[in-house]
Structure formats: C-alpha cells, structure tokens
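Copied over from TrEMBL, here are the features:
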ACT_SITE  ASP517  active site
BINDING   ARG477, THR489, ASP517, GLU566, GLU588  N-acyl-D-mannosamine binding site
BINDING   HIS569, CYS579, CYS581, CYS586  Zn(2+) binding site
DOMAIN    37-375  domain 'UDP-N-acetylglucosamine 2-epimerase'
Amino acid sequence: MEKNGNNRKLRVCVATCNRADYSKLAPIMFGIKTEPEFFDLDVVVLGSHLIDDYGNTYRMIEQDDFDINTRLHTIVRGEDEAAMVESVGLALVKLPDVLNRLKPDIMIVHGDRFDALALATSAALMNIRILHIEGGEVSGTIDDSIRHAITKLAHYHVCCTRSAEQHLISMCEDHDRILLAGCPSYDKLLCAKNKDYMSIIRMWLGDDVKPKDYIVALQHPVTTDIKHSIKMFELTLDALISFNKRTLVLFPNIDAGSKEMVRVMRKKGIEHHPNFRAVKHVPFDQFIQLVAHAGCMIGNSSCGVREVGAFGTPVINLGTRQIGRETGENVLHVRDADTQDKILQALHLQFGKQYPCSKIYGDGNAVPRILKFLKSIDLQEPLQKKFCFPPVKDNISQDIDHILETLSALAVDLGGTNLRVAIVSMKGEIVKKYTQFNPKTYEERINLILQMCVEAAAEAVKLNCRILGVGVSTGGRVNPREGIVLHSTKLIQEWNSVDLRTPLSDTLHLPVWVDNDGNCAAMAERKFGQGKGLENFVTLITGTGIGGGIIHQHELIHGSSFCAAELGHLVVSLDGPDCSCGSHGCIEAYASGMALQKEAKKLHDEDLLLVEGMSVPKDEAVGALHLIQAAKLGNVKAQSILRTAGTALGLGVVNILHTVNPSLVILSGILASHYIHTVKDVIRQQALPSVQDVDVVVSDLVDPALLGAASMVLDYTTRRIY
C-alpha cells in the first residue's frame, strides 16, 4: 500500500443486486475478506435479493458469512418497463444516504443490470471510484446499452476476454486501468466438478434421475421485445414437454415481462407436471453441480454461454438475448422459431453430448489478479477519469467562411460526347474537373462513371473538400424521385431504364440526385447565375442537342411524366427537317450542334464551306464550329444557315413567352452567343406586345450542367446544415 501512497486500508463497497451477479462477486468478496490488512469490506444488498418471489437470495450471502451492512428495498413491483425505470429511480433516491455513511474508496459494480446502472450513477456523482466487472462484452437487448453506460462511468475495468478488452480500448478507456483477469466465477467452477453431486441432483430432481439424463432450463424476458420472448418461452416449454426428460426450470429474473412468463409456466401446469421441477432459486454451489452433470442446458441466460462452457455441457441458446457473446463449441444457437419443432430438433442434437471444456471466460485465477489490481489503485491520483481518444486531424478553422468554402458536391455531366465529373464548392467554383469520352455501351459507361467518381472523391480529401453528395446531369427523360433515366435521346446509347442512384450511392456511400441536363442548367442559373432571386424564368441550353428548364414560383417544373421543358422539341415548322426524336420541324432539328454539323458537312461535301483564311485538316471532322467560322469570314450560305437556326430558336422562345410568360429567358451553351441577336429580332417581330419587353440574355456560367448537378446537392444538404 505504501508503494501507491495509501497509508490506510482500502474501503471497498461491493453492491450486489441479484443471484446472478452475486455468483461473480462472491469470489472477489471472499478474496477481500482473506486480506483484512489491506481491505475493509462493506456489503450492500438491493434489488431482487430482498424479494420473496425471487427466493430471498440475500440469505445465501449471510450463509457465506458476510456481514450485510445495508439492505435497500429498491424494486418497484410490476415486472414491466415502467417498473424497471421506477426501480432505478428508487435506488437513486436511497443510495446517497448509504454512500455518505459508508464513505467507500471504491465501489465494485458488476455487469449490465438496471440496478447496477443506479449504483454506478450514484457513485460517479458522489465522487467514488468505480471498478466495473465484465465490461466490454457484447450480448444483446438493452443490457448492452446499460453495460456500456456503466463502462463510461467506471474508473477501472475488470474484463473476462481478450475481445472485451479490445472493445474497452475501442471505447476510449485508459488501457492502464483495464485488467484482463477472466471471470471470477471460473475460480470456483474449475475446481467444482469433482465434488459430491449425486445428493444435489436427487435433492432438486428426484431419486430416480441419473447424471446426463436431465435438463436445466433458465430463460429470461428480452426487454426490447417482450412479446416475442414470451412466445419463445411458450415454444420452449412445449418442446421440453414433448422431449419427455426430467427438467429443472428456474423462474425468470425480475425484468419486464417476467410476470407474463410465470403465467405461461402456470398455464401449462409446469409446477405440477411430473417431469418438471420449478424453483425460484438454487444456491450457486449447487447450481454448478446441476449444470455440470446435466444432459443439456436450455434458455437465454448468460450462464449458459459463459459458465457452462467450463464443463463442456451442451447448451441450447434461444433468441437474441446473448446474440453477441463469445461461446464455445458446446453452444447451439436457435435465433428464432415459429413452432416448437426447431427447438425440439435442437434438443435431439444436443442432449447427452459431451464437449471439450472451454476456458474462453477464465482460467481459474481471476481473483488473485483482481486483488493485486485493487492494491495498485492510488487514491492520490486525480479522481476525474480520462478518455484515450484516437488521434484526430486538427480542424484547420472554425470560421464559417472556411466551412462554406470546403463544403462541396460531386457533379457528373453525361453529355452526348463527353462524360465529365467535377468537385464543385458551395460558391459554385469548380475546384477540379475530369473529362473522358462518353462510352457507347451501358457497361463501359457505368463503370467509367463509378471510377471517375471514386477518384474525384479521393482527390477531394486532399483538396480539403467535404463531399456532401453526388448530383448527376444527363440527357433524356429522368425520374428525379427515383434517380432513374427513363429513356434517353439517340445521342446517348443504351441509356433507357437506368438506375443511376443505386450504384453511385452504394459505391460512394453518399446521397445521389439525378435530373435532366436542361433542368440542371436552369437550377444552375437559379443558384449561381442570372436567375438568382427570380421567381419565374426559363433556360434554353444549346449544345449537341437543345434542352431547357422552367423555374416557376422559384421551383423547377418536372411535369406529370417528367417531360416538362423538352424545349428542344417544340415544333416551329410543319415541314421542317427530321429530328432525332422521330418528329420533324423541332427547334433541335434546326439549331442544335448536331443540326449545324449536318449542314456544315453538306456544304463541305459541295466545296461550299471553306472561304479564304480557313482550312479543315484531313483528320478533323467537320462540325458546327467550322460553320460558325465560315459565317464570320463572310460565307453567305453559312450565314443563311445560322440565321435560319437562330430564327427557329427565336420562334421557340416566342412560344415559351406566350405559354409560360417568364420574367427572363437565359440562353446557355456554346451556341448561345451566336443566336442571341437573331432571337431578339424574332421576338420583336413575332411576339405579342405584352411579352416583347422580357429580357433575353446569354448565360455567364461556364459549365451550367455541372453547376446544376452540384446545386441539387448543395441546395438540399445545406438546407439542413444552415
């Protein structure tokens, strides 16, 4: 003791709540009692120990010759969820007086019971050090939450398995305050089997019962699914009746649902059935002998998956109450059952077998380790516990501007020619952009999209950009609610009924939004461009095809079948050229890049395209840009084609003005600046006077499709954040 600066004996308070935790605490208590020069022991008894229906199990503490310093009646009867909460509250009310009187240096708390949570809470708030036994384990139901809550309150930890130790370390507990000791009950278990057991078997099961020819059943309610656990208990009893072997049935613990389980026992006549012995309590020393020599143990008690493994007795673990426990090969799990047949089959498989003894939970030397650990506690150390958090990268800044700049979206644009992916910041800046040719087949295209997105997401981390989600702009008709491309134009092949959201979301683990490229252009203008703050406007995007989007009362219009704003397919001539949609006379058939390319090729084939100062390399395909260049250099035929295309687009805009009556029309895309003057001329000539004053402008956004795709992410996610 001098080594640790303690000049007096350590006052240890052991609080026990029920028969189960006493079986783990008793070996420690005996060990403390044998070293009076180091320890003073105070014993507090509460919970179901003091209830007659549960066997008045405090008497076994007295029989073990321990002085009980305090008895606290803390159980509110009712055996339901509310009664458990009220019991915790009652314990919290009574414990402060006891702890003030005893003034322990350290309190030993076991396990995961609701009573233990009250003990740990009281001790922590009263600045009493807590030693928690069996922390870090995983089982099931509410017990896990309670066990881990006690872990966070406790200053020192005694765990039973290597996995439990690792769990505690993962929970940021100080490794120096964790002792891997094994389960204290194993100190008694591993030297118990050779004792006289026949008299114990006869006392509890009858004179005619032989070893390995009976069953021990112990099943508790599952507080997170009481109804199902009662059904499982009914099926268990039915299976045991059918199996027709002598069975010792222990009453369940005091958790919510236990009253209903007792009713099931009585309804089935278990207490009077010749094959059954129903008891409220068996002293632990005798219980050890009974399970050690049983043909099988069945139920959902932790004893079945922990202690019984020391004897190699077959165990059938029912339901989810112990679902996360480490088990030996002697345990057969029946997770769920609709009838007794599955349980009955498990009984036939397990009964009478003998498995190798398991030492997962201990080697029989836990108590000496725990006593040594207690002696090492230095009462001069600060009481405030410390958590060992893993290293975390320092936050560069908490300035709101920094946060706004680094919150970003991953934007994808599927055009007729190129596939582009970009990291787009909150301010609409394209931080980085990746471009590839759009593959011709679905398989190649979807794989390339995923590959480019994964690379961009990885790069975003290096660029200090936090990706909030993925927005996809694509040609064709899109169902944005489901993230599905319903069908596409001829420009993008094999792109019908394509679910884009699922593969992207599954790969990147991010939310995904998908919409038509024209709609995305409109959303880009609404967030970053000339449509910002406007209630009603229309965007026309001119590229390989012609698309558009309509903003009405600040919202994007999708239409009843997601076909609104297919502005490229407004018909402006009854006998016009064929369109890729199958009709003819559409705006797209006149004014799209694809239509201009077609006209340019005709002129080139007739040697009517090139003028002085202009050439087209042999390996370069003739396109719309060559037609525009020719027109600028004075090619009259090229000028006529562009004028016709601009007129067709202008007529389409007039129809839009007459139909939607927006306050602004925005022309977007690479051809917009070449059409703007012709469009305005057509409006002056053809539109009603009431809409002639509507402004038509060229977008100043460089990548409206990418920015629109990003805006879907940024608008939705930042609505929640700010």
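Here the Cβ of each residue, glycine as well, is placed from N, Cα and C on the backbone.
Most Cβ neighbours within 10 Å, among the recorded positions ASP517, GLU566: ASP517 holds that distinction in the structure as shown. Neighbours of the Zn(2+) site: apart from HIS569, CYS579, CYS581, CYS586, residues of the same chain with C-beta atoms within 8 angstroms of the site's C-beta centroid are GLY568, VAL571, SER580, GLY582, SER583, HIS584, ILE587, GLU588, ALA589. The C-beta environment of CYS581 (Zn(2+) binding site), restricted to residues of the same chain at least 6 apart in sequence and closer than 8 Å, consists of THR489, HIS569, GLU588. Counting Cβ atoms from all protein chains shown, CYS579 (Zn(2+) binding site) has 24 others lying within 10 Å of its own Cβ. With a cut-off of 8 Å between CB atoms and residues at least 6 apart in sequence, the same chain places ILE546, GLY568, HIS569, LEU570, VAL571, VAL572, GLY576, CYS579 near CYS586 (Zn(2+) binding site), listed in sequence order.
The N-acyl-D-mannosamine site is set by ARG477, THR489, ASP517, GLU566, GLU588; from the centre of their CB atoms, other residues of the chain with a CB within 8 Å are GLY475, GLY476, ASN516, GLY518, GLY545, ILE546, GLY547, GLY568, HIS569, CYS581. Residues belonging to the domain 'UDP-N-acetylglucosamine 2-epimerase' (37-375) score a mean pLDDT of 91 in the model. A straight line from the CA of GLU566 (N-acyl-D-mannosamine binding site) to the CA of ASP517 (active site) spans 11 Å. Summary: among the binding-site residues (ARG477, HIS569), the fewest other C-beta atoms within 10 A of the C-beta are counted at ARG477. Across the structure, ASP517 (active site) and ARG477 (N-acyl-D-mannosamine binding site) place their CA atoms 9 angstrom apart. Note on GLU588 (N-acyl-D-mannosamine binding site): other Cβ atoms within 10 Å of its Cβ, all shown chains, come to 28.
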